[in-house]
Structure formats: C-alpha cells, structure tokens
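*Asks:* Following this message is one structure expressed as structure tokens.
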C-alpha cells in the first residue's frame, strides 16, 4: 500500500536509488497516482492540429481517465494492493548532472571545431595555398550542414536525448581525425579532406545544440529548466570563445596549423568518449509535463504554421543567432585592417562570450523563479539591436581610444544576447506545449545557422578597400534593428491570452490533483 505524507503519495518501501532527490510539497511537480501515459490517437492528433490558434490541453483529463480505469480494474480483480503506477513518485535524480555535463562538453567542443581556422585565417590561407574567403567557407559549410540534417535531428531527438548525444559524439570523433589527416597529407595538406571533416563536425552540432530543451524537459522540473537549458546552450558560444582566445597562441605561423588541429582533435576525443555512457532517461518521471503525450511531428508542423507567437520569436531569434555566428567568424577580419592583431581580436571575441555567460548565469535562475520570459525579451532585444548599430564605428576608434571601444560593445552585446538565448528557447517550448521541445528548438537553431552562413558569405562580398568591412557592419546593424519590433509585439493587439505558459500550467494542474489524492 502507499501512504500519504504531507499531501504526497509515496511508497512505503524506500528506494535503493543512490541518487534520488525527492521533490518537496512546495515543488511545482507534485506526485500523482496516474497509471501511465497513453499515446495520442489519430483523432487526438487531428483535434490538436485543427485547434487553430490554440491547442486545448486535454492531457490532464487523459491522465485522470486512465487513473480511474486502473482503479476499477484493480477493484474488479480483487487486488489487495494499489497498482504500481498509483505509487509513482515524481523525483529528480542526481545522475542528471552527468548527462548535463556531457551535453555541455559536447557543445563546447563542437563550437571550438567550428572556429578552428577562423581566428588564424591568414595563416591557414597560406598553409593551404588559398585565400581567406576560401578559409571562411570552412565556417560557412559547418553552418549549412546544420540545416541539411535538421529533419533527421528532429526525428532522433523525438526518440530521446541520448541517441542524439551519441550520434553527435561519433561524428565529432570521426570529423576531427579526418581534418587532422587532411592537414598532414602532403606539404600543404589536402583542403578538400579538411573540408569533408569540417562538414562532419558541422553535422554533429545540431544533435547537441538542439538537445538542451529536450534534455531539460526530460530530467528537470520547471524550477530548473531555464538554467539547465542556459548552461548547455551557452556552452556552444563558450567553445567559440575558447577557440578565438587559445588558437592564436598555438599558431604563430602557417607551419603551426596542423599541430593546432592535432591539439583540437585530442581535446575533442577526450570530451566525446563519455557520451556513450550517459543514462538514457530517468527511472521515473521528474514532473507530469515530462511524460505528457506529445503531438506527432505532422500535427506539430500544422500547429506552428498557424501560430503568430511562434514567428514573433522564431524570426528574431534566427536573425540574432545568424548575426552572432557571422560576427564571431569574421571578427578578426573586421578588426585587423584597423591595426588590431590576432590576440586583441581574440580577446574581443572572448569578451563577447564570457561576459555573456556571466550575465546568463545571473539572469537564468531569476527567470526560472519568476517566469518573467516576456520582460527579459523586451529588455534584451533593443539592447542587442543598439549594440550592432554602435559597433559600426568601433573598429575605427583604434587610434583614439585603443581597444576600449570594441571591447565594451562586445561585452554589452554578449550580456544581452546570451541572456536572451535560453529565455527564447524555453519560452517557445512553453507557448507550444504539448509539442515536443526538440521541434521548436531545432527549427530555431537551424534558422540561425543557415542565416549565419548566408551572412558570412554576404559580409565577405561586402569587403571594401584594404579589406575593411564597414559595409558588412552596416548590413549587420540593419538586420538587427529590423528584428527588434517583432518580439516587442508579443501579447499586443489583444493576444495576451496566447502567452499562457502551457507546460507550467500542466505541472501545476497535475500537482493539485496529486495533492488532493
């Protein structure tokens, strides 16, 4: 039998799991006595897809119906004890941190792989006997690879986060060592082989960059999902910062390029191998919403096509991620014509990311606590737009102000941008629940990656006399400012009711039912 303690139903037997942390009655995800979760039938999916602007969440009624059916079945069979499912206890597990750390490491190293050559583009161009625009294609192809494999990523993540993480680790291992083999082939390397390895690492990125929302939905309650998503998502630009900061110190000339690629390959191997040993899923659900039946991919697509709020978040997110990818890849080429050196440009890129990480570490727990998604977006978006505008004039301040101008703007831009990323990813999941988290997160990141590749190509074509990139910076600023009004329209024009946090509400409703039971 189960006993009731402080409003929670819990088994009388003590679990032997060494790492379980039982949620207290004050937590958002309360215990229920549901007998399990059924998949949505075709009729359910049709109703979900045809609900127009808003899906009516009927999942709690589904759980209640299933629970009542199980009780009747037990009574009819004369069972002396309640069903095993009635003793389900929602818990969070310490083992979730192992998977979270591994997902973080993979996001760090896959981004480092992306910017392996960009911080030393001039040396790499001489080593491979080509030009800087060709070296830029190593970064561009990496971003386009993300979009090419997006449908497969959504399908794999639909199966769970572990298959996606393992797939990424395997691609990272193979891609890195192929790149090194290409660098070591012949006196000047084989650029085509290096490009092939780079594309493989690019294919690895979406499997981990789109995974944080899915992982946090499965392993965390709504009190920690934003922070978990922030840690793993923002590890990606942190890897870019490490690459921009460290690689210039490893490469002093063209002859050092192959040795640098070897170092990156060794680090990638160390980071990728533990991915094969992470747990696939928690033994029991951590919250009702983590086990809520999700809409099929087709039904999800039909719903998103009609939801205005999705576009008001998706479009600016994709633009700002694309601009970040572009400015990160081209920062050396933006600053060097004005008298900066590789190390100073690397520090500017590192400031963009490190300050952003610190800001996100401060804001994410607050947003987790107060669920102030909309306020955070309305504050951060205008700041990001203004930073791109002001940065047009910063490279030219070298003679009068030294490095201060670019450094300050990069720091402010990083703080606003990085605080924004996990908020938008989680807000998209909340507004579209019960669509599975990987659908919106993968689409959002894919949009950012393909735009990033396009922006890099366009920016390279906009180079002026002496390689200066003022016209490219103007291009960036115009796009950043055009995107500002879109998220500011959220909740306006009588659409405030469309901003309901559906996943949080699902947990709260089921928590009240569990307490009443």
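Each Cβ is built from the backbone N, Cα and C atoms, and glycine gets one as well.
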*Asks:* Can you say which of 474-493, 494-513 is given as transmembrane segment in TrEMBL?
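*Replies:* It is 474-493 that TrEMBL annotates as transmembrane segment.
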*Asks:* Between 164-181, 290-307, which stretch does TrEMBL give the note transmembrane segment?
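*Replies:* Matching range for transmembrane segment: 164-181.
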*Asks:* Should anything in the same chain at least six residues away from the transmembrane segment (164-181) have a Cβ under 8 Å from its Cβ atoms, list it; otherwise answer none.
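*Replies:* Distant contacts of the transmembrane segment (164-181): 99, 102-103, 106, 109-110, 113, 116, 153, 156-157, 193-194, 196-205, 207-208, 210-211, 214, 258, 261-262, 264-265, 268-269, 271-273, 275-276, 278, 438.
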*Asks:* Residues of the same chain, at least six outside the transmembrane segment (97-115), with any C-beta under 8 angstroms of its C-beta?
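*Replies:* Apart from its flanks, the transmembrane segment (97-115) reaches 139, 142-143, 161-162, 165, 168-169, 172, 175-176, 198, 201-202, 204-205, 208-209, 211-212, 215, 219, 228, 231-233, 235-240, 242-244, 247, 264, 267-268, 271-272, 274-275, 278-279, 328-329.
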*Asks:* Near the transmembrane segment (135-157), which same-chain residues lie under 8 Å Cβ to Cβ, leaving out any that are not at least 6 residues past its ends?
*Replies:* 113-118, 121, 124-125, 128, 163-164, 167, 194-195, 198-199, 201-203, 205-207, 209-211, 214, 297, 325, 329-330, 436, 438-439, 442-443, 445-446, 449-450, 452-453, 456-457, 460
*Asks:* Looking at the stretches 227-251, 257-278, 347-367, 374-395, which one shares the most CB pairs under 8 Å with the transmembrane segment (407-429)?
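*Replies:* If we count Cβ pairs closer than 8 Å to the transmembrane segment (407-429), 347-367 scores highest.
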*Asks:* Which listed stretch (193-215, 227-251, 374-395) has the most C-beta pairs under 8 A with the transmembrane segment (347-367)?
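*Replies:* Per the Cβ count, the answer is 227-251.
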*Asks:* Below 8 Å between Cβ atoms, which of the listed ranges 193-215, 227-251, 257-278, 374-395, 441-462 makes the most pairs with the transmembrane segment (474-493)?
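*Replies:* Counting Cβ pairs under 8 Å, the winner is 374-395.
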*Asks:* Are the transmembrane segment (193-215) and the transmembrane segment (441-462) near each other by the rule of at least 3 C-beta pairs under 8 angstroms (pairs 6 or more apart)?
*Replies:* yes
